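The structure appears right after this line, and notes come after that.
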Amino acid sequence: MLNVGSYVDLEITDVAYGGECVAHHDGVPVFVRGAILGERVIAEVTKVQAHGCRAIVRDVQEAAPTRIAHPWPLGSVGATGAADYGHMTLAGQHDMISRMLEGQLRQFGGESMLAQFTGMLEVESAEGGRDGSLDGAPGSEGWHYRTRIDVLKLDTGVGMHVMRTNDLVPLERIPLAVRAMEKLDVFGTAWDGHVPFKKRMRLVAPSGGEPLAVIDGVAFCEPGRRIGSDIHEIVTYRGQLYDYTINVNSFWQIHEYAPSSLVAHVFDALGVELGDTLVDLYSGSGLFSLVGANIVGPGGRVLAFEGDERATSYAQQNLRSVPWASAQAATIDAENIRSLTDGADIVIADPPRAGLGVDAAMMLAQSDARRIALVSCDSASMARDVSALLHAGRRLESFAAVDIFPNTHFVETVCVVS
């Protein structure tokens, strides 16, 4: 019988949702942090539950060939967990994520649905043309990419919570962040006296401007110096630049290359044509809408729907140059998703982590759209929604898994059905 604090010798046989590894001890499933598929480890049990145990690696008996020394120990699962996959090469991370996707697709759609994804589950890096390696860290890749980072103010400098605790650890660096954030000088004493203890600070580095810190929704370019809340983001698709104005508090993809990469994956797969009617669900500040409007041209239409009124107002501003495109605030659910997509040739849906939901996905499948793109940031909700779309009669056209969260277990997926 396993108890909290027990040490156990485990062979890692699978990858679970959430990026944890799976092992078994006397038939009991153990979900292990800090391991790699195929390893044999000594793990300490941290939690005992009815369905199994949770544990963390304390020693590696037989290491996977993809294991490396974690380049940022404070980001490991034994500390903040902000870089929970940093203990393996980027290729190793991608293998683990592919296995996780496989498991979720099997769980929600069975072997028959999983078979449709054969050859499609290989994870690819976001476009960008550099590997983001860390100096003095052999084998490390995928660092210095995040344009949004949340930290907590300490008496001096900033910190993060230790994973799954209320304990705070001070930070001297955040290798996940783009180098432009270093200009904010948050690790020293510069912000002391300007921000209360434990106050959350969101560090933002827009592609079209200087970095800033957001505290209680207010933007600062330096300690005590407030600035406006509008920022600019620049996206490139097929050689054309798209300029977006967004509110600093609104959602935007956190990888510096993610917006351009996702735009390319979506539109390269959809086959949007001149004159099409494109409906953009969960459109945010208009990332896909603006590009789509340029493709369909004045003879087409783009209808963008978003639940957040502030983001919608910025989408309207971003679409002013393309009057055949419009954006409006709307609740998107199973009750109205069919009416929102009425007359659409193409639908793009980029819901929050919870996904569309089975009922909404099945209603969406009944639209007249010749193709639907589902953009997802959660492997479980993606697998559930795709299963619903396919069971409702849609056919899988393409699937891409894009690593816009390197050194973590998270992954973005783009699934196109016809």
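Using the three backbone atoms N, Cα and C, a Cβ is placed for every residue, glycine included.
TrEMBL: automatically predicted annotations, no manual curation.
Annotated S-adenosyl-L-methionine binding in TrEMBL involves GLN253, TYR282, ASP350 plus, out of the candidates GLU222, GLU306, GLU309, the residue GLU306. For TYR282 (S-adenosyl-L-methionine binding site), other Cβ atoms within 10 Å of its Cβ number 21. Most buried of the binding-site residues GLU306, ASP350, judged by other Cβ atoms within 10 Å, is GLU306. You'll find the Cα of TYR282 (S-adenosyl-L-methionine binding site) roughly 13 Å from the Cα of CYS377 (active site, nucleophile).
If you take the Cα of ASP350 (S-adenosyl-L-methionine binding site) and the Cα of CYS377 (active site, nucleophile), they are about 9 angstrom apart, rounded to a whole number. For the recorded site, GLU306 (S-adenosyl-L-methionine binding site), the DSSP three-state label reads strand. Rounded to a whole number, the C-alpha distance linking GLN253 (S-adenosyl-L-methionine binding site) with CYS377 (active site, nucleophile) is 10 angstrom.
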